[in-house]
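**Q** First, the structure itself, so that you have it in front of you.
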């Protein structure tokens, strides 16, 4: 190591920043968050530093630099665009053994400002020793995606209970095991879900159980009652793994067992914890690998045995995903659960095809419709879908394309209404076919698209040719003929 990483207490400590511009302001913001009492020394300062000075801890000296100003300071930062002045500040500080940082000049720095991941009181600093600041920043960005915001609250709770835990669990090994269980289980998930009161109650309950086991001289591991697990209903999005949420990825990587649908892509499934059991419970129209009631019971049984269960569903769990039915069953069984939203197929199909679902010139509302009812019968509520200024999205509608288009036209929607079929939205295999209600059936019969597919009906569909940016567009025969005639 060229530098030693340590954390420096600056609360109420005097710090001098020489400079009043953007560079000085960035350092001042960081030091202010650490509780330092900052003196800004500069003839002129930026508006941002003016705002910083509203904090009564901080002081402004509108003067040119003089070495008298560094006397008594804990650290000094030189952040001016005057190279000679920065060297002078460095020399004066070295003479008085005051740590100094000359911004963006590593040879003149006694210490370096790291890239910071702040989950106070959990703080991570990343440094490249001035060799590659951009790489340090990118490393920080990656860590930001991996560490939940709730880590800070979890650490504060642990700090508040540290003395009580120490008094009830006398051995270091016992305390380590206690905290590992708390940080890897129910307590942490409650905190991450924003249920801090319940998290504290769960931690106290865990402590009391452990204390009772120790008091009775029983083996903690043998006497530990089997804990009830939890179920995470996770939206896997439309297929592109980069469209997963951070929370979805975190829960997928700590699951003991994963029940996944047919619409979950292999790329997404591969991101689950490697040693988790992965069980296919897919459903395609009336062909169900496992009936819904059976899926509910599988989740209940697994969670009751103490497992962390991920129910991985394509798209969003609450948009034609039967997530509501599943959590009703979990609630009735007394199983704890969380629901993690995913990007629904309509959102992905819209964005990945350049077809906005709403547009001030074409559509002021949007309606999501399923092609089939609970009974398995086709949805026939076409009378409510005739507004020309409304976009209609049909999920699971490709197999009944002819019935849907005829129903819309019979109900009064213009035969010239644009329609788009989007197959495998967001994936490298995405395909798009456009047409009108009157001709889309013939086009699809001539060049059928694979499922899963979604239908977008409305004037916005005609924007695809203009705004498309991703994947392959199926050229219709009229366009091909026109193109040949132009040769």
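Cβ from N, Cα, C; glycine included.
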**Q** Of the candidates 1, 161, 191, 396, which one does Swiss-Prot list alongside 238, 314, 315, 316, 319, 344, 345, 425 as binding S-adenosyl-L-methionine?
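**A** For the S-adenosyl-L-methionine site that includes 238, 314, 315, 316, 319, 344, 345, 425, Swiss-Prot also lists 396.
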**Q** Quick one: Cα separation, residue 23 (NAD(+) binding site) versus residue 425 (S-adenosyl-L-methionine binding site), in Å?
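**A** About 44 Å separate the Cα atoms of these two residues.
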**Q** Closest to residue 261 (active site, proton acceptor): which of the recorded positions 128, 315, 345, going by Cα position?
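**A** Checking each of 128, 315, 345 against residue 261 (active site, proton acceptor), the shortest Cα distance is to 315.
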**Q** What is the maximum Cα to Cα distance, in Å and rounded to a whole number, among the residues 238, 314, 315, 316, 319, 344, 345, 396, 425 annotated as binding S-adenosyl-L-methionine?
**A** 16
**Q** Across the whole of the region 'Precorrin-2 dehydrogenase /sirohydrochlorin ferrochelatase' (1-203), what does the mean pLDDT come to? Round it, please.
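**A** Averaged over the region 'Precorrin-2 dehydrogenase /sirohydrochlorin ferrochelatase' (1-203), the predicted model reaches a pLDDT of 93.
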**Q** On a simple 10 Å Cβ count over all chains shown, which one of the recorded positions 22, 261 is most densely packed?
**A** 261
